[in-house]
Amino acid sequence: MFSRLTRPASTALRRGFATSSQNNAKVAVLGASGGIGQPLSLLLKNSPLISRLNLYDIAHTPGVAADLSHIETRAEVKGFLGPEQLPESLKGCEVVVIPAGVPRKPGMTRDDLFNTNATIVANLAAACAQHCPEAMICVIANPVNSTIPITSEVFKKHGVYNPNKIFGVTTLDIVRANTFVAELKGLDPARVNVPVIGGHAGKTIIPLISQCTPKVDFPQDQLTALTGRIQEAGTEVVKAKAGAGSATLSMAYAGARFVFSVLDAMNGKEGVIECSFVRSEETECPYFSTPLLFGKNGIEKNLGIGKISPFEEKMVAEAVSELKASIKKGEEFAKSMK
Ligand SMILES: NC(=O)c1ccc[n+]([C@@H]2O[C@H](COP(=O)([O-])OP(=O)(O)OC[C@H]3O[C@@H](n4cnc5c(N)ncnc54)[C@H](O)[C@@H]3O)[C@@H](O)[C@H]2O)c1
């Protein structure tokens, strides 16, 4: 059994800034000019794992690509602008990251983004299914609980669906949980690992503090408050930004951490584990996030929920109906599209 003690991803992020590697991945960022897309592209440009970085957006990519291309790292950067250049941006890509779509404003839930982002993600997923069907698809665009079912249905429609290669990026929930636990316990956040399971919205975000490494204990009132803060951390940022959007910098970090883990495993590194919202048989929800062992072809093994506390069991039970509804909404949307 693989130890949940391992935290390969943060090691991978640090390694992302190292100078030597044999790797040559071709990666596309769709929505590369946005609040997440720009800093994410910067972090990816810094990685020796990547030899080609394609930046696609409906605005500003010539400028973003010109700017990033002057950085003295090996990844060759190219900008692609507008739908007619989308196919070219995807050809030959092994990993595609999708932060395209509108972010939340104060008072909005992630589900309020559905009407705009569902179409954006469905169209981008269709282009991926046509032009890079073998790629690892990492969806950041919200509501993740619906955009992953949408992406999966689109890939099914094109006859190229591989559930081991379609990921909802929930890494920011893990990053936040690690940081908040470290703050409360006076630990180095780089050494804390809290698995976060379920989905990526409010009560569907289920931090497993009982599985934290190193082991930590909290009185119930503190545990309840900590859990609530992790679940609403996105809203904390939305409120602080006061209309200027949602988490971008921490999300760029989390997205880069996730991509580096995917690339590390593709390059043959063993024991790479990340939580992600994926097709799943671990619960009655057809999609669910749990720790996953990555391999050369995406998910190698779903490590499942593991042993959890009664408090966490209750959260899982309470998340199921909301998750199922968000999944169904995504599936029905994709099925109704021409
Ligand atoms: N998964 C997570 O944990 C997480 C965290 C934070 C934000 N998000 C989500 O990420 C998304 C992006 O957030 P942001 O702050 O970067 O938003 P933003 O508005 O700053 O950037 C979005 C970018 O997408 C581009 N875009 C719009 N339609 C497009 C299309 N059809 N094709 C390509 N590009 C398109 C826009 O031009 C813009 O550059 C939002 O949906 C947000 O809710 C997810």
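Backbone N, Cα and C define each Cβ position, glycine as well.
Whatever TrEMBL says is automated annotation, not expert-curated.
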Matching residue for the NAD(+) site, where TrEMBL names Gly31, Ala32, Ser33, Gly34, Gly35, Ile36, Gly37, Asn117, Ile140, Ala141, Asn142, Met251 - out of Asp57, Asp67, Asp264: Asp57
Asn142 (substrate binding site) and Gly31 (NAD(+) binding site), distance between Cα atoms, whole Å: 13
The one of Gly31, Gly35, Gly37 whose CB sees the fewest other CB atoms within 10 Å, among these binding-site residues: Gly35
From Arg104, Arg176, His200, the recorded positions whose CA lies within 10 Å of that of Asn117 (NAD(+) binding site): none
Most crowded position, judged by CB atoms within 10 A, among Ala141, Met251 as binding-site residues: Ala141
Inter-residue Cα distance where the pair is Arg176 (substrate binding site) and Gly35 (NAD(+) binding site), in Å: 19
Between Asn142 (substrate binding site) and Ser33 (NAD(+) binding site): CA-CA distance (Å): 17
Inter-residue C-alpha distance, Arg176 (substrate binding site) and Met251 (NAD(+) binding site) (nearest angstrom): 10
